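What TrEMBL lists as domain 'Phosphofructokinase' is 7-283. The ATP binding site annotation in TrEMBL covers GLY15, ARG76, SER77, GLY106, ASP107, GLY108, SER109. Per TrEMBL, ADP binding site is recorded for ARG25, SER26, VAL27, VAL28, ARG29, ARG159, GLY190, ALA191, GLU192, LYS218, SER219, SER220. Per TrEMBL, the feature Mg(2+) binding site maps to ASP107. What TrEMBL records for THR130, ILE131, ASP132, ARG167, MET174, GLY175, ARG176, GLU227, ARG252, HIS258, MET259, GLN260, ARG261 is substrate binding site. Taken from TrEMBL, the feature active site, proton acceptor covers ASP132.
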Amino acid sequence: MSKTIKKVGVLTSGGDSPGMNAAIRSVVRTCAYHNIECIGIYRGYQGMIEGDFKEMGPRSVNNIVNKGGTILKSARSVDFRTPEGRKKAHENLLKAGIDALVVIGGDGSFTGGLIFNSEYDFPVMGIPGTIDNDIYGTSFTLGYDTALNTVVDCIDKIRDTASSHNRLFFVEVMGRDAGHIALNAGIGAGAEEILIPEEDLGLDRLLDSLQKSKASGKSSSIVVIAEGDKIGKNVFELKDYVEANLPEYDVRVSVLGHMQRGGSPSCFDRVLASRLGVKAVESLIEGKSNYMVGLKEDKVVLTPLEQAIKGKSEIDRELLRVSDIMST
Ligand code: ATP
């Protein structure tokens, strides 16, 4: 028999993403709904090691559903990677009477949670919070939808300049290992070509596509490039390469950077965060541990943390074809 949960600790860890606050709010209010205490743990696992805790009630999360970032702050904790750090964290949790954890973060944060559970048999539930959407077991991670909207909005603005000056723009978006943002925002913003980590488009095809687009009467174009695109050149090297081979093009580069991680979460992310928070707390109450809550076919589902960490979130290859057809 699993023991009754009386006090849940919630933390945000790794890179922040829009929707983390809405998830904190959901965890806190679900705890209150079920008459369970909730403790906010500041700065991820580092705050666990330092005992940086604060009691949270339903009124302590007023007016945060609309805010980007995380009110609990986030951190990457080197100390938590050591057995000594995790021992200290465990002692602090026991001292505070916390008997279960909700970890909002990416696969690194889940790995930390899983190791902690294996050492101390401490109940852990994960909520996927990262704009990259690169986590197995959910079709959407918190912040991904907001990031897509931010990127599309930026590219729309860049397009105004591109079309006024007949220019080619290379826009670099986040995604070292996953092309979800590039692919979806690229299609949404009407990109000519989209370069992603999962697929080697090849430099010849890029040149060919740009030549064709000029010949077809397009006077300006946008190419969306994920940070980790498989061609292996960074966005500035690509600009040099294209200008050397297609001198008729005047290429400008825009690296969107951290603005993609910020901002008020979209309605989709707020609803997702609310649903995932409820499921995370209620699963802990049911005695479950070592799962990640996620959304599949519009149903909130549980995936073992181990699978969420090891599994690969694949891009939808049909989107590559759609993108090809759209750039005709
Ligand atoms: P993002 O997707 O934004 O990178 P993430 O959760 O993957 O988010 P990481 O920096 O990889 O971010 O991990 C967050 C924290 O989780 C680390 O700083 C560390 O404290 C903990 N962590 C990660 N891997 C381990 C591990 N192998 N052992 C113990 N703790 C870990």
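Note: Cβ is positioned from N, Cα and C throughout, glycine not excepted.
In TrEMBL, annotation is done automatically, which means it is predicted and not curated.
What TrEMBL annotates, mapped onto the structure for a quick look.
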residue	record	Cβ neighbours (10 Å)
GLY15	ATP binding site	20
ARG76	ATP binding site	16
SER77	ATP binding site	23
GLY106	ATP binding site	23
ASP132	substrate binding site	26
ARG176	substrate binding site	11
GLY190	ADP binding site	16
SER219	ADP binding site	13
MET259	substrate binding site	14
ARG261	substrate binding site	21
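Residues ARG25, SER26, VAL27, VAL28, ARG29, ARG159, GLY190, ALA191, GLU192, LYS218, SER219, SER220 are the ones the record ties to ADP, and the longest Cα gap between any two of them is 53 Å.
Just so you know, the Cβ of ARG29 (ADP binding site) picks up 20 other Cβ atoms within 10 Å once every protein chain is counted. Ranking the binding-site residues ARG176, GLY190, ARG261 by Cα distance from GLY15 (ATP binding site) puts ARG261 first. When pLDDT values are averaged over the domain 'Phosphofructokinase' (7-283), the model yields 95. Here the binding residues for substrate are THR130, ILE131, ASP132, ARG167, MET174, GLY175, ARG176, GLU227, ARG252, HIS258, MET259, GLN260, ARG261. Their largest Cα to Cα distance works out to 33 Å.
Candidate binding-site residues: ARG25, GLY106, SER109, THR130. Those with a Cβ under 6 Å from ligand 1, in sequence order, are GLY106, SER109, THR130. A C-beta separation below 8 Å, combined with a sequence spacing of at least six in one chain, links GLU192 (ADP binding site) to SER209, LEU210, SER213, LYS218, SER221, ILE222, VAL223, SER327. Counting only same-chain residues at least 6 apart in sequence, those with a Cβ under 8 Å from the Cβ of VAL27 (ADP binding site) are VAL8, VAL10, CYS38, VAL102, ILE127, GLY277, ALA280, VAL281.
Of SER77, GLY106, ASP107, SER109, GLY190, all annotated as binding-site residues, the residue with the shortest Cα distance to ARG261 (substrate binding site) is GLY106.
Annotation note: ARG261 (substrate binding site) sits in a helical segment as assigned by DSSP. The shortest Cα-Cα distance between ARG252 (substrate binding site) and any of the binding-site residues ARG25, SER77, ASP107, SER219 is the one to SER219.
Looking only at Cα atoms, ARG176 (substrate binding site) sits nearest to ASP107 among the binding-site residues ARG25, ARG29, ASP107, SER109, SER219. For SER77 (ATP binding site), the nearest neighbour among the binding-site residues ARG25, ARG29, THR130, ASP132, SER219, judged by Cα separation, is THR130. Apart from GLY15, ARG76, SER77, GLY106, ASP107, GLY108, SER109, the residues listed for ATP, the same chain places the Cβ atoms of SER13, GLY14, GLY44, GLY105, GLY112 within 8 Å of the centroid of those Cβ atoms. For MET174 (substrate binding site), the nearest of the binding-site residues by C-alpha distance turns out to be GLY106; the candidates were ARG25, GLY106, GLY108.
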